[in-house]
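> Before I ask anything, let me first share the structure, which is written out below as structure tokens.
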Amino acid sequence: MSRKDGFLALLVVVVWGLNFVVIKVGLHHMPPLLLAGLRFLLVAFPAIFFVARPKVPLTLLLGYGLTISFGQFAFLFCAIKFGMPAGLASLVLQAQAFFTMALGAFVFSERLQRKQLAGIALAIIGVLVLIEASLNGQHIAMSGFMLTLAAAFSWACGNIFNKKIMQHSPRPAVMSLVVWSALIPILPFLLSSLLLEGADHITQSLITIDMTTILSLLYLAFVATILGYGIWGALLGRYETWRVAPLSLLVPVVGLASAAVLLGETLTGMQLAGAVLIMAGLYINVFGFRVRRTARVSG
């Protein structure tokens, strides 16, 4: 991975890590499914009038929108509704990286080398340490945990659809994909909000919306979605899934740090240890070969 693409990947990690703080702020005044629906509404409109429809099969576009957008966030919000702590959900959701690599090996016959497997194993240990730290003193409903894993699997399926889309076109328009795929989850989210959150709650939330919620929506739509998914999709189309997907493991690290700084939450020793293990695993997985090549040239 080039330095430029590495920087872009880390930018997405920071944006998505801060996303959890923004979501928490936005949910103070608006129910989750409505917030998610409005997020994608802002992504699609008015941009859809200025961005050409992507030249990809409709089935792939539908699959992408229903998995990475609606499926991921519908399962995630239901998990939190059924008792899954939001912080722990942000960690368990990172299982998408391993689902993506497994699906990549099955669908695209991508081969993982031993150095990558070692890095992934180290990162998995780090995630488990973070989860153990978050589970300490908390009661977790099994339904919430399983729904969070379903959200992670939906995200991974979306990554695979994205890879297929990128393979379909030699020069894919990433922003076109992001904008047009945002159309797909709008109706499912709004219908789900109407059924699960109620018309009265929706009306009250819209009538009393404040500037904090508006700014949260703008961040979720234009920064986390258009910028974040646009860059992420381009990287998945340019590199093997095993190089890109594990980078998302840094998202909960940024999430924990930003929550500590912006929300006053504290990091325990176990959380710090987990973060270090994840970063070490990512270094081995993503940069291991480049270090060896550089060493050979220098020698």
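Heads up, the Cβ atoms here are built off N, Cα and C, so glycines get one too.
This is the feature table in Swiss-Prot:
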type	residues	note
TOPO_DOM	1-6	topological domain 'Cytoplasmic'
TRANSMEM	7-27	transmembrane segment
DOMAIN	14-132	domain 'EamA 1'
TOPO_DOM	28-31	topological domain 'Periplasmic'
TRANSMEM	32-52	transmembrane segment
TOPO_DOM	53-59	topological domain 'Cytoplasmic'
TRANSMEM	60-80	transmembrane segment
TOPO_DOM	81-87	topological domain 'Periplasmic'
TRANSMEM	88-108	transmembrane segment
TOPO_DOM	109-116	topological domain 'Cytoplasmic'
TRANSMEM	117-137	transmembrane segment
TRANSMEM	140-160	transmembrane segment
DOMAIN	153-287	domain 'EamA 2'
TOPO_DOM	161-175	topological domain 'Cytoplasmic'
TRANSMEM	176-196	transmembrane segment
TOPO_DOM	197-216	topological domain 'Periplasmic'
TRANSMEM	217-237	transmembrane segment
TOPO_DOM	238-243	topological domain 'Cytoplasmic'
TRANSMEM	244-264	transmembrane segment
TOPO_DOM	265-268	topological domain 'Periplasmic'
TRANSMEM	269-289	transmembrane segment
TOPO_DOM	290-299	topological domain 'Cytoplasmic'
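Tell me about the surroundings of these features in the structure.
Mean pLDDT, taken over the topological domain 'Cytoplasmic' (1-6), works out to 85 on the 0 to 100 scale.
For the topological domain 'Periplasmic' (28-31), the residues of the chain that approach it from at least six positions outside its boundaries are 38, 193, 197, 201-202, 205, 208-210, 212-213, judged by C-beta separation under 8 angstroms.
Tertiary neighbourhood of the transmembrane segment (32-52): same-chain residues 23, 26, 69, 73-74, 77, 80-81, 173, 175-176, 178-180, 182-183, 185-186, 189-190, 192-193, 196-197, 201-202, 205, 216-218, 220-222, 225-226, selected by CB-CB distance under 8 Å and a gap of 6+ residues from either end.
When Cβ-Cβ distances below 8 Å are used as the criterion, the topological domain 'Cytoplasmic' (53-59) is approached by residues 165, 168-169, 172-173, 176-177, 180 of the same chain, each at least six residues removed from its ends.
Counting residues 6+ beyond its ends, the transmembrane segment (117-137) has Cβ neighbours under 8 Å at 85, 87-88, 91-92, 94-95, 97-98, 101, 242, 246, 249, 252, 256, 268, 270-271, 273-286, 288 in the same chain.
In terms of DSSP helix, strand and coil, the topological domain 'Cytoplasmic' (161-175) has 10 helix, 0 strand, 5 coil.
Beyond the ends of the transmembrane segment (176-196), by six or more residues, the same chain brings 31, 33-34, 36-37, 40-41, 43-44, 47-48, 51-54, 56, 61-62, 64-66, 68-70, 73-74, 162, 165, 202, 225-226, 229-230, 233 to within a C-beta distance below 8 angstroms of the stretch.
DSSP places the residues of the topological domain 'Periplasmic' (197-216) in helix, strand and coil in these numbers: 15 helix, 0 strand, 5 coil.
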> Any residues 6+ beyond the ends of the topological domain 'Periplasmic' (197-216) with a Cβ under 8 Å from its own?
22-23, 25-26, 28-35
> Is it the case that the transmembrane segment (217-237) and the transmembrane segment (7-27) touch, counting contact as three or more CB pairs under 8 Å in which the residues of each pair are 6 or more positions apart?
yes
